[in-house]
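Peer 1: Dropping a structure here in C-alpha cells format, bear with me for questions.
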Amino acid sequence: MPRAPHFMPLLLLLLLLSLPHTQAAFPQDPLPLLISDLQGTSPLSWFRGLEDDAVAAELGLDFQRFLTLNRTLLVAARDHVFSFDLQAEEEGEGLVPNKYLTWRSQDVENCAVRGKLTDECYNYIRVLVPWDSQTLLACGTNSFSPVCRSYGITSLQQEGEELSGQARCPFDATQSNVAIFAEGSLYSATAADFQASDAVVYRSLGPQPPLRSAKYDSKWLREPHFVQALEHGDHVYFFFREVSVEDARLGRVQFSRVARVCKRDMGGSPRALDRHWTSFLKLRLNCSVPGDSTFYFDVLQALTGPVNLHGRSALFGVFTTQTNSIPGSAVCAFYLDEIERGFEGKFKEQRSLDGAWTPVSEDRVPSPRPGSCAGVGGAALFSSSRDLPDDVLTFIKAHPLLDPAVPPVTHQPLLTLTSRALLTQVAVDGMAGPHSNITVMFLGSNDGTVLKVLTPGGRSGGPEPILLEEIDAYSPARCSGKRTAQTARRIIGLELDTEGHRLFVAFSGCIVYLPLSRCARHGACQRSCLASQDPYCGWHSSRGCVDIRGSGGTDVDQAGNQESMEHGDCQDGATGSQSGPGDSAYGVRRDLPPASASRSVPIPLLLASVAAAFALGASVSGLLVSCACRRAHRRRGKDIETPGLPRPLSLRSLARLHGGGPEPPPPSKDGDAVQTPQLYTTFLPPPEGVPPPELACLPTPESTPELPVKHLRAAGDPWEWNQNRNNAKEGPGRSRGGHAAGGPAPRVLVRPPPPGCPGQAVEVTTLEELLRYLHGPQPPRKGAEPPAPLTSRALPPEPAPALLGGPSPRPHECASPLRLDVPPEGRCASAPARPALSAPAPRLGVGGGRRLPFSGHRAPPALLTRVPSGGPSRYSGGPGKHLLYLGRPEGYRGRALKRVDVEKPQLSLKPPLVGPSSRQAVPNGGRFNF
C-alpha cells in the first residue's frame, strides 16, 4: 500500500505555515475619510454659458480647455473664449466672466456637405496658448476647416490676419492636440488631415524653419493621442499614448510615451530627413505595480506640469488599464531628471517582421549619438543638424524608440483604484500645509467624483496614500444637455487656484469651482478637526477649526493633544457638544483607539490557529483513508484466496466445446435476406411467448489472424496450438480443457430453468469434469447411428485453412449454431449418478489462455441445455439425456448450485491442427496474439 496519505498532512501544514509570510503585492483601494456632495452650494459657483445663447441652453458650454494667466482664468469653449477675473471671484462675486470673445464658424454649409452633423459644425476652440506676454494664439476647428487667430490677452480683441490651422489644430473636436510656444516658435502635435491618418509633431510660426515628424511611419507615431507638451532645457517634450509597435503580436495595445525634440533642430540634409526632425526620440512611461507578474497601467489620461516633490521637479500622471481590460486607475509621478536620463538609453529595433524588438548593440550606433542636439554635448562639433553625417540621420530615422522605460517615483504608483470609476484628470498642490511641504492630489473621474488624496509620506508620514475626501461634483440640473449621461458626468478638466483656495472642475456642459477644504464643518470639535488629517485645516485655540492658506497658519495646531483625542467624547469648552449625530465629527472615519484594538485577535495567532486546525483535520482524514484502504486490500486478498471456480463458464468456452453442428440453413425462398442474429444478448429470462434471441457468431482466437512473429519454431505437440503460457507451465499432468476447432464457432443461448425438473443431475465443478463426462461411455439412443470408432475420432484431421493464416470466417459463414436450451415442458429423465469429484479444481485454459477475473458479485448463470438451432429441442425423458449441474466447491458457500442440461455431442473431438508446412509457430513462452 502507498503511504502518500501520511505525507499529505505534513505538506499541507508546511504550505499553510508559509502563508502568513506572504504579502499581497497589489495595493488595496483606500477608503475615504469623508464623503460629501455640493448640496447647499451657491448657484454662483456654476457656469453653463451665456444666458442669451440658445445653443448653450441646448448643448451646454462644450468646454475645451483651461488657461490661467496673471490671475485671469481663460476658458475655451464652443464659439467663445471666456475670461474670469480670479481676484473678483475671490471676493465672492461668483463665477461670472468679466469679458469674452465670440468666434463663430463661417463654413457651416461646407461642413454639412462633408456629411457631418449640425452639432459638429461649430467652431470649437482647441488651441489657446500665450504667444508672448501680450498676445494670445487661439485656433478653432471652424467646421472641419481649422484656422488660427491672435488676440490681445487683456482686451480679447483680434490682432493680425487669420492663419491656417492645419497641423496646429485638429479638424474634429474629438481629436487630441497639444501646443506650446518655446523661444518664439509654436510646437504642436495633432492630426494634419481630415481623416486623422497623418499624425504630426510640427514646429511653425517662429524664426526657425518649420519641421515635422515622418509621415505615415508607424515607428515614429502610430495613432497617437496627445496629452501634454512642455518645455524643459534644450528640448520640448510631448506626452501621449499610442498603439504599440513593439508588442503588435498582442493586438492593439496602447502604451504611454514621452517624445522630445531639440529646440535648435534645423532638419536634415537633402539626402536624409530634409525638413524633418533629426532629434525625434521617444520612450515608454512605466506606470505599473511590481511583482512576479507586473501589472501595467498603460493608458495615459492626463498629466500635470512640473510640481515640486521631495525637492525635485516631477510630473504627476493619471494612467488607466486597457479599454478591454479590468477597469483600474493609477497615479504615477516621474522626475524630470529621470526622464532626461531615459533618453540616454539604448536604441530598440526589430530585426524581422515577426521578430521581437531588442536593444541595439553599442558598436552599431554611429557617432555622434543619434538624436543629440547639434552644437551641444556629443554633437558639439556640428554647428547645425544639417551637417550631421548621413549614417546618423539614417539611423535616427529607423530607430526612434529607446529602451528601457522611465520608472515612476518609488518604482510603484502613488495611488491605485480598481473598485471605483476610472480617473480622467489630475491637479496637484505641492505646497500645502502650514509649512508648504505637503503634496495633495485632486483627481477627477468619469463619474463626476473628485478625490482629494494625501500622497504617501505626507502629513502622517505613512507609506500608504490617504483618501481625505470624496466629493460628488456633478449636478444634472446645471450640467446636463444633449450629451449622454456618461459623457456629461465625465470630468474633462481640473484647474487649481491655490491663491484663491479653489479648484475649478470642468464638465462638458458646465464648470464649477470647489473650495480646497471645508474646515468649518468640523466646528469647535478638536477631535473631528484633527481626525480629518486635512493639511488645509488646523486647530486654533480661539477660533476652532480654520483654513490654513500658505504660511499664514503658523499659529495653528495640526497635531493636537493625543490624549484628548483618544479618550472621552468630543467635547469642547466653547460649545460642549458631544459625539453623536449632532456632532460634526460624527461619520468621520478614524482609527480605533489602542484600548479597542488590543481586544481584537492578532492576525498571526488567527492564521496559526487556522493552520493547526486544518493540519489536524488533514491528519485525521489521512488516517481514516489509510485504514479504509488497508481494510479493502485485506478483503480483496480473502476473496482471491477463497477456493471455487477460477472463472465461470463463458459463452466462448461453451462454444468451443461444440465445434461441430448442422450445416447452416438454406436461404429463404422468398428472397428475403437472412436476418443477422444479435451480437449481444442478456442473461435475463425472456418473457413468455417470446422466442429466445440468437447470438452472433462470436469471434474466437482461432478466427483471428495472427501476425507473423520473428524466430518461429515448429510446434512440438499438436495439442500445443490452443494452449497458453499458463497451461505450458503446469506440465503434462494437466488435462486439456480446451478444444480448438477449425470450423465455424457455435452460438449459444441462455434459457431459464425448466419447471418441474427433478433432482436427477450431474454436478460439474470445472470444465475438465464436463469434458470427462462428455467423452465417457453413453447409452445408445433409439434410431441413432452407432458412434464412430475411437481410432477414427482420435486421428487429427488435415489443418484447417483458418488456422494456417487463411481468412477468418465471417458471421454469415458461420455454421448453424447449437443452442443450449432447457426442455420446454415435460418431466426430466433419470440421470446416472454423478461421478465422484476428488481432484482439486484445476485452472481452465480455454480461449487462448485469457483468464477472466472471478467476481463475487457476478450473477450465477442460468440452466443451459444444448439444443440444435435448426430443429426442435432434443430434450425428452428417454435415454441419452443427462442433467449436468455446474456446482461450486464446498469452500464457496452462500450461492445455489447451477444446472446445465447438456447432451453429449456425437461429433469427434477436433484437436489443434498444425500443418507440417506451416511457417507459424507458438512464440517463446506460449503467448498468443489474440
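Glycine is treated like the rest: Cβ placed from N, Cα and C.
Owing to the predicted nature of the structure, the values given are computational and were not obtained by experimental measurement.
What Swiss-Prot records for this protein is below:
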COMPBIAS  829-844  compositional bias 'Low complexity'
CARBOHYD  Asn70  N-linked glycosylation site
CARBOHYD  Asn286  N-linked glycosylation site
CARBOHYD  Asn437  N-linked glycosylation site
REGION    554-593  region 'Disordered'
REGION    654-674  region 'Disordered'
REGION    716-761  region 'Disordered'
REGION    775-882  region 'Disordered'
REGION    908-930  region 'Disordered'
SIGNAL    1-24  signal peptide
TOPO_DOM  25-604  topological domain 'Extracellular'
TOPO_DOM  626-930  topological domain 'Cytoplasmic'
TRANSMEM  605-625  transmembrane segment
Peer 1: Same chain only, sequence gap of 6 or more: which residues have a CB within under 8 Å of the CB of Asn437 (N-linked glycosylation site)?
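Peer 2: Same-chain residues close to Asn437 (N-linked glycosylation site) (Cβ under 8 Å, separated by 6 or more) are Met431.
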Peer 1: Sorted by position, what residues of the same chain at least six away from Asn70 (N-linked glycosylation site) have a C-beta under 8 A from it?
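Peer 2: For Asn70 (N-linked glycosylation site), the qualifying residues are Ile153.
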Peer 1: Enter the number of other CB atoms within 10 angstroms of the CB of Asn286 (N-linked glycosylation site).
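Peer 2: Its Cβ has 22 other Cβ atoms within 10 Å.
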Peer 1: Express the predicted model's confidence over the topological domain 'Cytoplasmic' (626-930) as a mean pLDDT, rounded to an integer.
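Peer 2: The predicted confidence over the topological domain 'Cytoplasmic' (626-930), as a mean pLDDT, is 48.
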